[in-house]
Structures are given as structure tokens and as C-alpha cells.
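Trainee: After the C-alpha cells below, expect a handful of questions from me.
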Amino acid sequence: MKKQIGDRYEPKDVENKWISLWEKKKSFAPNSNARESFSIVIPPPNVTGSLHIGHALNHTIQDILVRIERKKGKSTLWLPGMDHAGIATQMVVERELAKESKKRTDFTREEFIHKVWEWKNHSGGMITKQQKLLGESVDWSRERFTLDEGLSKAVFKVFKSLYDEGLIYRGERIINWCPASQTAISDLEVEFRETKGKLYHIKYPIHGKKDQFLVVATTRPETMLGDVAVCANPEDERYTSLKDVVLDLPLTNRQIPLLFDSFVDKEFGSGLVKITPAHDANDFEAGQRLGLKPLLVMNPNGTMNENAGIYQGLDRFEARKKVLADLEAKGLIEKIEDHIHAVGHNSRGGAVIEPYLSTQWFVKIKPLADLAVQAVQSGQVEFIPKMWEKTFFEWMNNIRDWCISRQLWWGHRIPAYHCKKCKHFEVSETAVTVCTSCGSQEVEPDPDVLDTWFSSQLWPFSTLGWPDQTEDLKRYYPTSVLVTGFDIIFFWVSRMIMMGMKFMQAPPFHKVLIHGLVRDKDGKKFSKSVGNVIDPLVMMDKYGTDSFRFFLAATLPEGKDILFDESRLDGYRSFCNKIWNSSRFILMNLEESFVPIGITPDIEKDLEPMDQWILSRFNHCLEEYNKAHSKFHFYEMAAAIYEFIWGDFCDWYIELVKPRAYGKVSPRSAEVAKQVLSDVLIRALGLLHPFMPFLTEEVHSVFSDQYIVTTPFPESYPVASDSLGVQKLNLLQEIVTKIRVMRSENGVAPDRKCKAIVKSSDNLSSSTILENEVSLLQLARLESIRIDTLYEIQKTDSVSHFTKGEIVLPLEGLIDVAKEKTRLEKELQKSELEKEKLEIKLSNPGFLSKAAPEVVEKERDKLKTLIDKVEVLKKGIQNLAG
């Protein structure tokens, strides 16, 4: 063969080359001639985003699946795109304007939106370039954006349809309000943080009764200015005699009643709660039951309004301090306690969220949730691992109406229109400029935009052309599998199922593959504040993208988190180098005239035992790989191909076949060996390709002009796993491995050659040793090996059992027995001490309850390794003691 590969594997050069060639040749476009289809939609990253470790894991998993199905001949569509990310993008652009001492309100709405589009076109979408660097085999010609015209058409159609059915409505309710960004956010965007706060016990004077009070506990004293009642549990005997009591609301001139409702917890505080319907969700519901009118005391920007009296204009937290000071001055604070409680924060900006009474748009979610629940219960949608179904059902059964309006400028404008002249109101899929009731042109569109997740929930079918009945929609919907982290099951997965069942009468995907998070090696979540964030681009540049991808897949346990250990990346870089160097060895021993024809019947009839063995080992690898793939066990797939390539192929077969490859045997034997070497390498590259696309494509290009990305998925060889040749090589491998272990356990230096005696009367042992004596001497570093069933074992001999008998290594003269025994005893002492420490650690309930499960598992693995090591050391000492 004329083609060769370089002396060293240079990842960056290879990666840049193939990114360009794949795109130029449109290698990732769906095959329109294929009968079967396989489709995945990428969870659309934010247009503001850059590739983080979670993206890298999620996209690597998807790419592995897509590349496998493409090689299996299916028409694969992996559809990319980005989310307009309403609040996140608007905040980014506002920060850019702030650098010029400008703010959003300095512009008209249209001018500001124009600036956001400018930013999107110039600076947004950085993540697309980074996805290409990761080697993602998506069809970039189909890239979509949630504000595309087609997707917007789908959004407005869904809104109108749900509105017409009464499933979208406008109403006044308590919502999560962010005073910093001055917009509503959904329940799912509220991040509750455990906060060390205070519980204030405030005296509410009984009206007309001097020095008589009821004590109410609260964590938010500034909201008491909006109290309209105090409430007790009707079964609380402390207060049943006070049914007609009226209270003076402290710091105001208002009186409020004492009422009774079963939602009050008798055990919390004094058993009394203040009812503030405009600033608490539970109070709002209680207020509706009790017929109370809400009183809003806060402005949208978090300052107190005119209903707060003398506190008007103060920031909410300043108002809290002033209210407390005034209560203290009036002697109305009974006590203040330290109190740890969950405080809601905006998951994007971090501002403390206010429960706030506001008129917003909502989705009546229960009827839609029922559709999603039925889809999962009936098996139309399967969660993998199955444990996530329970989480899904729990959330769906406790779901509340979804607030979908946002007080932003960037996003899908709510398609509702209001006539200023006749007050007519209508919802329309297309813009309304003339009132359909009175003909007036004084029509105003609703000022709010939709929650970003409203458009994202339509992603699986809107990106395929819906509401138009396109060929893509017919062919690729439902999609085959959704790959996602557990953190967006509620944000996104559940809503997509609802919308798919509602508008497509079919779920958007058949399987939902849930993977864990990537954490640091101590099990902590990556966080900028902690300073442990890993940049995947840095890792890819340092170790090569293939090493990084393989690491993510190989360390991903089913449904659990990955603990990021950079040292393993170094190991997988070595794996890449091993493949490269082994490939170079094979190519250097192929003549220019060599043509890889595979294992044809003509080659098959002249296969030698070592050839039969490596073909059977490939079959075993393929079987394990396919079995793991069917269960989405990526770590098992990676382990199968890693062990085959590094162990069976490189460390065993290549070493065994070298004399034949060098031409030291008959020409026919050499020819067969070279066909086996090249064909097994090509098939192994085919299995490895989904994990390591760049390296495999580069090596494969030497053998074929067809890109490996589109070559057929490897098949098994027609060789029996129990043939005599395979049995002999399995036995040879066992003997060599046993001798290597014996040498190591007894401290025999690598450069010292031993004599080996095999005590076995088995014919297979005899023929294996006789036929492979040269290989045995070379691989086990032996001076000689012989079969002697009558050999009498000496005191200084090391003995090990194998399936057909015993192997004996005479150690006399090879090692200093006393010195080696002392070394092993010191090592044993050290290992037993480490083992004892780990056992104490793993029996500590505090560690077991606080540490991440992955960290506990890692420590258990360490203990198991130490237990095995201790046994080996004891055996070695015992051997030396005779």
C-alpha cells in the first residue's frame, strides 16, 4: 500500500482536516434511499451559550448513537438548532448596552429587538462552532432557531388552538416575580436555596383590648403591610374562643379579622399565620376561600408602593429593616429566632423572587399533563433508567398551571390584540392591524412575550415543518430517542410529550435516555463560585477530542453522575497513541501491491490458530458491544472495544503474528496474517468510530477512499468460538498471563529470564506448548518451557494453577528471597493500614449519608482493590517462606 500515516498522532491536525472534509462532502446529510429512519433532535442550547461539560457529555452520547445507526444503513437525521433564550439573551444585550452607558428603555421596542438580532448574528451561536470541534455529525444545513419564521408559525398556531379550547387563559394570580429583571418566571425557573434567616414573632394588638395581643411569626415582615387577616386552624383550641376578634395591623391604621382555615399548621410558630393574598401563593388561595380582597404593597421593581404608607419608595429589604425597627420601637416584637428556610431565587440572575399578584397568561396544564401520563403509562414513551418514571409521575400529578407570559421584549410576542376604541379582544395566528369588531385601526398587540419553553416544547415537530405536513415530518416523527439530563425532565421533556400527544397524536420520541451530571472528582457540582469548572475545549486541546469523547462515554454509569478525573484522560490519550502506533506497524508491513480483500473463503481455509482466535475475540467484542448498545450502556460498549483493541489485538495478536508479518515464515502464512491484521483493524475501527471519529477516519482513509462515517457497521466472522485453534490460543494466553503474574508477585526483574515447567498430562496443553514455544518464550520472557508431569516441586519454586494443571517457576538464583520477602512484608503492612482506614470511612454513617453516591462507590472500588492486593501480597510472602 502506498498510503501511510504520520510518525505521531497529532489530534489537532487530524481534527481540523476531517471537520472540513465531512462538511465539504455533506457526510452527515440523511440518506434518502434508506428504508429505515433514525432521528434525534438536539436539546437546543441557548444562543448565548458556550460549550460546557454537560453539553459535551450530552452531545457525545447522541453522536455515538447517530453514527452507529448511520453505519447500519438508516436514514439518520440529527437536527441541530439554538434556543432564543428570552431573558438570558435580553440580559446579555442589556449588559452590552450598559458598556455604552445606555439602557434598553433608551430605545423603542423595535430598535432594541433589532439590536438583539444584530448581536445574535454577530456574536451569538458560538456554541455551533464548538459543536463542530467536538466532531458532532449533525446536518448543519438544517440548523433551526426558535425564532425562525417556520417555528414562530407553529408557536402562534398552538397558542391559538389552546386558547380556543380554553386551555390558555388570562388571569390574576400569584406568580414568581423577579424584581431585578421585572418579569414573571415559571415555578421551574425558581431555584430554592437554603438560607440562614430569621423568624420574627410579631405582636398584633387585639382591637379595643389594651395590652392584649396575638403573636404571628413571619420571615418577611415587610409584607405585613399587605395583611388582610390573621388565620388560625379551626381545630386549634387556643383560638376557638376568639372567633369574632379584630386585630389592629401594626404600623398601619387598618383593622383585620381573625379567621380560621385548615391550611394553617398548628405546630408552626404560634399556630397563627398572617394572610397576605397579594404576596403569598397559599395566602392567595386562602383569601379566595375566605372572600378576602388582596392588597398589593410592592412595585414591580421591588420597592414599596403607595399602599405601604410611610414606607413607600423604600427597597423591599430596606423596608424590612425599617419595619423591624419601628416594630421594636413600639414593643411589638416578642422574639426573633434564627431560622433556616428555603428562599426562592431566579435561577438565571440570582435575584430573590417575590410571590406577586399579577395579571398574566397561563396554560391550564392538567388536561395536557394527563395526555403525557397516559403516553408513559401505556409504554409509548419509555424512560431509561426506568426509575425516572416515578419522578415524572410525581411531578405530573402535582402540576400547577403554567405562567407563560414574560415582561420582556425579546421572544415570541403573545398573539393577542386589544382594540382601544371598542375594547374588543382577540387571539390570532397572524398580526391584527384592524379591529374585526369595529374596524378601528387602534389595535394594540399584547406587550408580553411567551416563556422560552413554550416554543422549545414544540421543537421535535416544529423543526420538521409542522404545521405543514412535510416529508421530513412524515419520515422522522416521532423521533427515535431523546438524550437529556434529569434536570430538564420537567422544564422540557414533559412539555414536549404533552404537545406531541396533543398536536401530533403521537409522542415526540419513543425513548427518553436520562444521563447524570458531570461532577468534580469529589462529587461536587461544577460551579464558577467554587472555582472547579472544567472547560471542555481546554481538555480537547490538551488531550485530543477523541480522548475526551471516549472518557465521557467510558466513565458514564447508567443513570449516575460522572466524577471527572483528569488522569483518566491521559490514559485515553495513551489509548489513541496505541491505536496509531499499532496501525503504523501494520501499514509498514504491507507491500505496495497489498490490497485488503478481507477474510474471503480462500483466506479462511488457511487461517492459523492465532488467526481463528483473534477473529473469535472480535466476535465476542462485537456481541458485548451490541448487547450494551441495546441497553444504552455506553461505558460497557467503550470497555468492550477498549479491551479488544488494547488487549486482544495489540498486546496479543500483533505480538504473536509479528514473525509472520515480518516474512519469517512461508509467503502464504504472511499473506493470510496481513489480511487478518488489516481486516480486524478495519472492523475494530468501525466499532470505535462512534466514540473516536477523527482518529478512526484518518487511519481508515489509508485503506479506503470511502469515509468510515458511511461504511457499513462491522459484522461478525464465520468462525466458531470453540474451535481447536481458538482453544489453543485461549490456553496459551492463560499460561502467559499466569507466568507474568507469578513473575510480578515474586519480584522477578523484567530483564531476567525464567525457566517454566508445566505439570499437565492434557493433550491440548502439550500441543499448545509445542506449537507455540517461540511465542511463549517471547511473551512470558522465558529461558525455556517444558512439560514434566513428574517434576517434584522445590521449596523455592513458585506454583500457580491453570485450567489444565500447574505451572512452576523455579526461583532459586533469580531473586534475593530474604530481601524480596522483606519488601513484600512492608508493602503488606502499608496496604493493610490503607485498607483499615477505608473500612472505617465506609462504616461511618456520616460519610455514607453526606457523600455523593459516586464518591462512595469510588471508595468501595478502592477497598476492593486493596483487599485483592493484600491477598496477593500474602500469597507472595507465603511462596517465599516455602
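Cβ coordinates come from backbone N, Cα and C, glycine included.
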Trainee: Looking at 45-55, 298-308, 793-803, which one is motif ''HIGH' region' according to Swiss-Prot?
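Mentor: In Swiss-Prot, residues 45-55 carry the label motif ''HIGH' region'.
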Trainee: Of the ranges 525-529, 605-609, 765-769, which one does Swiss-Prot flag as motif ''KMSKS' region'?
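Mentor: Within the set 525-529, 605-609, 765-769, Swiss-Prot attaches motif ''KMSKS' region' to 525-529.
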Trainee: What is the three-state DSSP composition of the motif ''HIGH' region' (45-55), stated as helix, strand and coil residue counts?
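Mentor: Secondary-structure composition of the motif ''HIGH' region' (45-55): 3 helix, 1 strand, 7 coil.
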Trainee: For K528 (ATP binding site), what residues in its own chain, 6 or more apart in sequence, show a Cβ-Cβ distance under 8 Å?
Mentor: none
Trainee: What three-state class does DSSP give K528 (ATP binding site)?
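Mentor: SS state of K528 (ATP binding site) = coil.
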